[in-house]
Amino acid sequence: MIVLSGARIFDGERFLDDHAVVVDGARIAAIVPHSQRPDGAMRDLGGGLLAPGYVDVQVNGGGGVLFNEDPTPEGIARIAAAHRDHGTIGLLPTLVTDTPQVMATAIAATREARRLTPAALGIHLEGPFLDPRRKGAHELNYIRNLEPDDIATIAKAECGAIMLTLAPNRVGAESIAELTRQGVLVSLGHSDATYQEARRAVEAGARAFTHLFNAMSPPTGREPGMVGAALDLDDVFVGLIADGHHVHEANLRVALAAKRHDRFMLITDAMPPAAGGPDHFDLQGRRVTSVDGCLRLDDGTLAGSVLTMDEAVRYAVNVLRLPLANALAMASRIPATFLRRDTDLGRIAPGYLASLVHLDDELRVQETWIEGCPLNT
């Protein structure tokens with residue numbers, strides 16, 4: 001048993017002063033006033049803030065590793081280790097549009113990686129069932145239609161949470177409903193769909209929108225598009241890349257004012273340069289370079305980010321002017337809820353996993369715990 005004290009606590013919804021967190025093994029045993037701390041190994045954090053660790057549902061890579069190029073359990077573990085230093089205690093390694101063979105290999109690797117690292121919460125398949133008109137940096141030659149065999153392959157993956165980004169104008173409501181019945185978390189993105197097409201997909205079971213504003217139809221006076229649907233449909237979750245490059249800060253503030261905050265998730269869309277990697281890499285034979293913190297193909301197309309979750313939280317607080325509680329929840333409790341892991345992740349409460357992040361007063365990571373194991377940054 002270890003008792004963590006000396007820091008303010010954010011339990012997922014509210015702040016607690018003069019309290020301590022009691023950790024027993026991998027889980028939180030109690031939160032108690034300082035005066036009621038039990039006997040045990042005491043750890044004085046010396047100030048700062050103790051919060052639920054960050055959960056990122058869109059991570060293409062980090063620390064020099066790209067999931068598409070290294071779809072192995074070891075590759076996933078290296079990506080997770082790089083982002084762990086930035087407070088991320090759980091993530092979905094994200095495979096951008098690729099061949100069926102690479103997709104099958106990535107699914108198998110994720111299944112095995114869950115035995116190597118508790119940070120591997122599942123997999124995010126971002127494509128290949130996308131709209132070529134909104135492909136972004138995805139390889140056009142790999143984009144294809146969803147077939148019945150694909151549904152079977154994805155549904156039987158057995159690798160934790162399975163998030164699938166697809167274009168609702170390319171995949172029918174019946175297929176979305178079947179994927180949902182099989183437990184797949186369908187997210188809408190990379191699409192020029194109309195509002196009605198997006199709405200029908202949500203009514204069929206789609207649960208989220210992938211990186212709001214990016215690679216999707218924008219609103220106009222008479223056609224709300226994908227962006228309008230994401231903000232109008234109350235119950236769906238929305239991923240935001242808050243890095244100052246992907247979306248103008250004013251658009252992010254407008255979105256946050258238009259929809260309930262407990263449906264927004266901070267995501268990184270991170271690529272190999274994130275979390276300490278080199279400033280360039282190859283994406284399926286195409287060069288991607290980081291210039292002033294922005295990743296682009298040679299033709300200028302945005303290609304993921306160098307963002308980490310701690311940077312996203314700081315941007316949300318310092319630039320978007322969000323209350324700290326909202327920003328922290330968007331990085332932890334809300335994505336955990338989306339992944340249906342809200343009974344063991346995203347809160348500091350008895351019975352929850354002791355997957356935590358200790359921040360200083362500038363919201364910089366001092367230490368990360370995953371299932372009770374301290375990991376100094």
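A Cβ is built for glycine as well, from the same backbone N, Cα and C atoms used for every other residue.
Positions annotated as domain 'Amidohydrolase-related' by TrEMBL: 50-368. The Zn(2+) binding site annotation in TrEMBL covers E126, H190, H211. Residues annotated as substrate binding site in TrEMBL: A137, N214, A215, R222, H246, L302, A303, G304. TrEMBL lists D269 with the feature active site, proton donor/acceptor.
H190 (Zn(2+) binding site) and R222 (substrate binding site) are 21 Å apart (CA-CA, integer value).
E126 (Zn(2+) binding site) carries a strand DSSP state (E or B).
Under DSSP, L302 (substrate binding site) is assigned to a strand (E or B) in the three-state scheme.
Residue with the densest Cβ environment among the binding-site residues H190, H211, R222, H246: H190, by other Cβ atoms within 10 Å. You'll find the Cα of L302 (substrate binding site) roughly 11 Å from the Cα of D269 (active site, proton donor/acceptor). The record assigns A137, N214, A215, R222, H246, L302, A303, G304 to the substrate binding site, and the maximum Cα to Cα distance across that set is 31 Å. When the recorded positions E126, H190, H211, D269 are ranked by how far their Cα is from the Cα of G304 (substrate binding site), D269 comes first. Between the CA atoms of H246 (substrate binding site) and H190 (Zn(2+) binding site) there is a gap of 14 Å. Note: the CA-CA distance between E126 (Zn(2+) binding site) and the residue listed as 'active site, proton donor/acceptor' rounds to 11 Å. Restricting the recorded positions N214, A215, D269, A303 to those with a CA within 10 Å of the CA of H190 (Zn(2+) binding site) leaves N214, A215, listed by sequence position. Inclusion criterion for the recorded positions A137, D269, A303: a C-alpha placed within 10 angstroms of the C-alpha of H211 (Zn(2+) binding site); this criterion is met by D269.
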